[in-house]
């Protein structure tokens with residue numbers, strides 16, 4: 001599918017209330033990690049009326065906001081200039097990733113922008129920080145992730161409600177700022193958010209309704225179906241950067257879409273094959289445990305020697321079945337296919353990948 005086909009027919013301006021609603025529905029229906037909710041009806045495969053759905057997300061029990069106690073400081077959480085943990089989930093995450101996380105890309109793609117148009121340079125980087133980090137804030141809530149970059153996740157420090165609301169607030173402010181000062185960039189931002197949330201919503205539906213929903217998807221082989229979702233959810237983030245730099249121009253769409261696909265593949269593989277990544281996230285095979293589709297899972301579903309283990313794990317979510325599925329994912333056949341796909345996806349992107357980093361070692365893939 002071409003990039004132009006993806007974006008065809010997308011409105012340049014989306015009502016802000018609709019955007020906020022989409023953001024909320026796409027993420028926060030995952031309301032608890034322990035209780036279940038019962039739908040009244042459904043037209044989705046694999047979720048018959050009256051059945052219960054296990055929702056991953058908000059942790060049970062009390063959470064405390066960060067303080068300046070000795071215990072908090074010993075945890076190594078990001079501090080401000082006075083040695084205090086930031087009293088804001090977004091600033092806390094900025095402390096983990098660094099301010100203007102995409103600056104290296106901007107300097108490589110438009111090296112003169114900072115001097116020629118410093119206002120645009122700052123706005124572009126602020127937009128990219130807001131989209132990237134706010135999506136991470138809410139994604140960690142959905143996955144009930146205990147760690148991010150080997151630090152306690154924001155929602156476990158500040159609470160899920162405050163963390164999610166702060167993400168909406170930061171995004172709303174940057175949308176209004178862009179629409180007011182650079183309307184073309186504002187329109188690109190809104191369009192990108194719609195596409196990203198469309199991809200994330202599809203991923204969450206698959207997680208909610210299980211493999212029956214994924215199997216029911218049309219559009220060719222299952223790798224292609226998964227890739228389409230990943231290009232919406234992750235590829236659009238990188239495409240947005242090119243659109244912002246080129247005032248809506250599509251000159252960089254193809255290469256940045258490829259970079260986004262590589263990033264998704266790399267993240268999926270690290271989730272299964274990197275002990276370092278598991279330590280930084282505080283969980284092994286988090287995607288598999290959450291019943292979430294990933295590239296290794298899709299590959300294993302298409303292999304007769306591993307399909308049954310994956311399907312059993314997605315059906316039961318039991319620890320024993322999950323460990324059996326993890327063994328299947330780490331078999332040489334599946335590892336080799338994932339390694340080959342990762343190498344092919346990265347061809348010609350070496351310079352951009354060097355800027356992106358993400359160098360956690362993957363023992364099982366020999367990288």
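Every residue gets a Cβ built from N, Cα and C, even glycine.
The substrate binding site annotation in Swiss-Prot covers 132, 148, 233, 234, 264, 271, 281 and is backed by similarity to another entry. Note on residue 234 (substrate binding site): other Cβ atoms within 10 Å of its Cβ, all shown chains, come to 24.
The compositional bias 'Low complexity' annotation in Swiss-Prot covers 32-42.
Swiss-Prot lists 67 (among others) with the feature N-linked glycosylation site, giving sequence analysis as the kind of evidence.
The 10 Å shell around the Cβ of residue 150 (N-linked glycosylation site) contains 13 further Cβ atoms across the protein chains shown. Look at Swiss-Prot and you will find 150 (among others) tagged as N-linked glycosylation site.
Taken from Swiss-Prot, the feature region 'Disordered' covers 32-84.
The feature signal peptide is assigned by Swiss-Prot to 1-22.
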Reported as an integer number of Å, what is the Cα distance between residue 234 (substrate binding site) and residue 150 (N-linked glycosylation site)?
22
In three-state DSSP terms, the structure that residue 150 (N-linked glycosylation site) belongs to:
coil
Can you check which residues sit near residue 264 (substrate binding site), meaning Cβ under 8 Å from its Cβ, same chain, 6 or more apart in sequence, and list them in order?
230, 233, 234, 235, 295
Just how many other Cβ atoms lie inside 10 Å of the Cβ on residue 132 (substrate binding site)?
17
At a 10 Å cut-off from the C-beta of residue 271 (substrate binding site), count the other C-beta atoms across all protein chains.
24
Packing count at residue 233 (substrate binding site) (other Cβ atoms within 10 Å of its Cβ):
22
Could you say whether, by DSSP, residue 233 (substrate binding site) belongs to a helix, a strand or a coil region?
helix
